[in-house]
Amino acid sequence: MELCCVVQKYAWGKVGKSSLVAQLSQGNSAAAPVVEEDPYAELWMGTHPSGPSLIKTSKEPLLNHLLNNVDSLGDAEKKSFGTDLPFLFKALSVAKALSIQAHPNKKHAEELFATRPDLYKDPNHKPEMVTAWLGPFEALCGFRPIADIKFFIQEIDELAAVVGKAACEALVKAESDSEEMQALRECFSALMNSSEESIASALEQFEKRIPSLSAEKKESLQCDLFTRIATDFPGDVGCWSVYFMNYVILQEGESMFLGPNVPHAYIFGDCLECMACSDNVVRAGLTPKFKDIDTLCSMLDYQPGPVDRFRMHWTAVDAFCQECFPPVPDFAMARLHLPASATVDKAYRLPTRSNASIILILQGQATSDETTGDLSFGHVLFLKAGQQLTLQVKSEQELIVYQAFANV
């Protein structure tokens with residue numbers, strides 16, 4: 001079944017037709033023309049109530065269809081998750097940094113939902129996997145190695161001033177892993193709880209000092225990245241997160257997994273995201289939305305280290321299909337690269353899944369005996385558990401397809 005999916009217009013999204021999300025929305029439903037001044041941030045594919053997908057032919061919400069056709073779901077996913085899809089599949093187009101954020105674990109999500117449902121809309125956790133698309137994708141992710149953070153604190157007086165002398169000295173002197181993590185917690189919490197006036201003053205002082213630095217010093221202090229973020233978010237405490245969190249550039253097709261309590265912020269680019277079906281976000285910077293600083297600082301994973309620990313690897317199923325299985329039962333992903341029609345002699349059958357899945361066409365054109373009409377860029381399909389899909393490439397362009405499904 002083909003799906004019509006919801007577009008979310010958040011301030012950080014790319015505007016107009018420059019946005020992958022806007023382009024996908026036209027291929028997906030073409031319900032409304034693209035407004036060139038509007039930010040097109042996310043395309044949601046799934047059943048989450050904040051952006052539920054509809055079955056194109058009937059306009060019935062996908063969740064209603066699942067409730068009335070429980071055989072659409074696999075036995076394992078019904079046993080684990082009931083009669084709903086456990087995952088939410090998204091495309092994102094990021095023009096400027098998202099908030100400094102983390103997602104709670106399942107138990108904490110239930111507590112937040114029970115006590116503050118106005119802020120935390122559901123009781124589910126939100127582990128997620130991000131995959132770069134259409135070029136490099138920039139992000140901040142997890143705390144840097146302690147040696148890096150010590151270097152920045154010692155080199156940037158303005159940062160040390162807002163963190164505070166005692167917290168900085170404790171970090172510099174820390175030797176054991178436990179001492180380093182505790183000192184990091186104190187430094188980051190002190191930063192996040194500093195007054196708006198002291199943060200804004202320190203940022204202004206550092207920005208004024210940057211032009212006087214040597215080219216080598218600017219590079220070592222990642223001044224270009226800092227300046228980009230500070231320009232979009234003047235006076236915001238989140239600008240200093242550049243010096244606490246790993247800066248990563250994912251090349252097209254590369255992925256990373258973000259588990260509970262891992263601090264992160266996407267900075268620029270287009271990507272695909274798959275996550276548990278939740279919209280729980282705890283924020284503390286680079287956002288006009290509510291900043292829950294105390295909750296964020298208390299819940300974060302303060303394990304420092306290089307960003308490679310978050311990278312995910314794809315495994316080949318055959319010459320055309322790859323799969324990736326993150327360490328959670330809620331979701332997994334597959335992707336298909338089929339050569340242009342001149343090199344394909346016969347149709348290709350996707351691996352049959354024991355659970356329901358959602359498929360997104362990202363490039364090319366194909367026909368299928370199981371669908372009505374051609375499949376092309378922006379088309380989104382729901383496949384019930386055990387359903388087969390055979391594709392024949394139709395255009396001269398390689399066919400690229402991504403698929404999300406439960407990992408049980």
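Note that Cβ sites are derived from N, Cα and C of the backbone, with glycine treated the same way.
Since the structure is predicted, the reported quantities are computational estimates derived from the model, not experimental observations.
Database features (TrEMBL):
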type: ACT_SITE; residues: R283; note: active site
type: BINDING; residues: Q101, H103, E128, H264; note: Zn(2+) binding site
type: DOMAIN; residues: 2-145; note: domain 'Phosphomannose isomerase type I catalytic'
type: DOMAIN; residues: 169-245; note: domain 'Phosphomannose isomerase type I helical insertion'
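Locations of recorded TrEMBL features on the structure.
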| residue | record | Cβ within 10 Å |
| --- | --- | --- |
| Q101 | Zn(2+) binding site | 25 |
| H103 | Zn(2+) binding site | 25 |
| E128 | Zn(2+) binding site | 24 |
| H264 | Zn(2+) binding site | 23 |
| R283 | active site | 22 |
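Confidence annotation: the domain 'Phosphomannose isomerase type I helical insertion' (169-245) carries a mean pLDDT of 97 in the model. Close to R283 (active site), meaning Cα to Cα within 10 A, are the following binding-site residues out of Q101, H103, E128: Q101, H103.
Same-chain neighbours of the Zn(2+) site beyond Q101, H103, E128, H264, judged by a C-beta within 8 angstroms of the site's C-beta center, are, in sequence order, A102, K126, L258, V262, P263, V281. The DSSP breakdown of the domain 'Phosphomannose isomerase type I helical insertion' (169-245), given as helix, strand and coil counts, is 61 helix, 1 strand, 15 coil. When the domain 'Phosphomannose isomerase type I catalytic' (2-145) is classified with DSSP, helix, strand and coil residues number 39 helix, 44 strand, 61 coil.
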